[in-house]
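Remarks on the structure that follows.
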Amino acid sequence: MANGVYIFAQLVIGGHMVHIIIILHFLCFSLGVGCITLSWLVYKKHKKSILKDIVIGETIFSIWFLIDTLFIYVRKILSEYNIENIVKVVSYFLAAAVIFYAYRIIKKVKDNGLYKKINVQIKIIIGLIIVTFILFLFSYKIIFLKNVPYLCLIYILQCILGIICCIKEEREIVQEEKKDLKCLTNREKEIAGYICMGLSNKEIGEKLFISANTVKNHVYNIYKKVNVKNKVELINLINKGD
């Protein structure tokens with residue numbers, strides 16, 4: 001352990017901190033790719049606009065992050081050909097695009113009421129992003145904060161935030177589907193309708209030409225799918241949907 005710390009210190013003192021940051025940056029891309037893939041799969045499944053914004057915003061941020069990473073190595077070359085400023089302008093445009101999509105996502109989260117259910121994990125991550133950004137703004141005054149890879153840290157945090165938001169959206173959509181009975185098969189919907197009419201399992205079986213035990217199994221599956229415990233809750237759910 002001591003040898004590892006010593007080697008790390010030697011690398012930093014020897015001016016190799018840049019290479020460590022580069023490695024850290026590229027390792028972060030795996031998390032970014034995972035976030036983009038998850039967001040795209042959930043969006044493709046449910047076609048919700050907020051998920052589309054997460055995919056686009058995350059992709060733009062990843063491109064910005066990649067340019068920033070490569071810029072560490074090619075800065076000297078670019079300065080020789082007087083095109084360093086062009087890369088900076090592109091980075092500024094990408095940063096503005098990321099901020100724009102972040103605003104769109106926050107607005108949609110607020111509009112659909114999801115923000116009311118934001119848990120402690122999300123609040124902590126948002127807090128860490130804000131703290132990291134504040135440290136970046138004041139880093140020029142504090143020597144040991146100058147070499148901290150702020151963009152890398154923010155990228156990691158927002159990837160985690162994007163993944164959590166996708167998972168929450170998926171859960172919300174599943175819950176909504178349960179509430180409007182879309183998750184039921186046609187036979188199960190038919191049985192649920194007969195339950196609302198007050199028919200017993202035996203009477204439902206006679207109408208559908210199936211046994212009472214088969215009806216009982218269907219009823220159990222219906223309860224499980226729509227997350228109710230008894231016929232009263234099921235009837236209330238159906239009446240509420242109507």
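Note: Cβ is positioned from N, Cα and C throughout, glycine not excepted.
The following features are taken from TrEMBL:
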type: TRANSMEM; residues: 20-43; note: transmembrane segment
type: TRANSMEM; residues: 55-74; note: transmembrane segment
type: TRANSMEM; residues: 86-103; note: transmembrane segment
type: TRANSMEM; residues: 124-142; note: transmembrane segment
type: TRANSMEM; residues: 148-167; note: transmembrane segment
type: DOMAIN; residues: 177-242; note: domain 'HTH luxR-type'
Averaged pLDDT score, the domain 'HTH luxR-type' (177-242): 81
Number of helical, extended and coil residues in the domain 'HTH luxR-type' (177-242), per DSSP: 48 helix, 0 strand, 18 coil
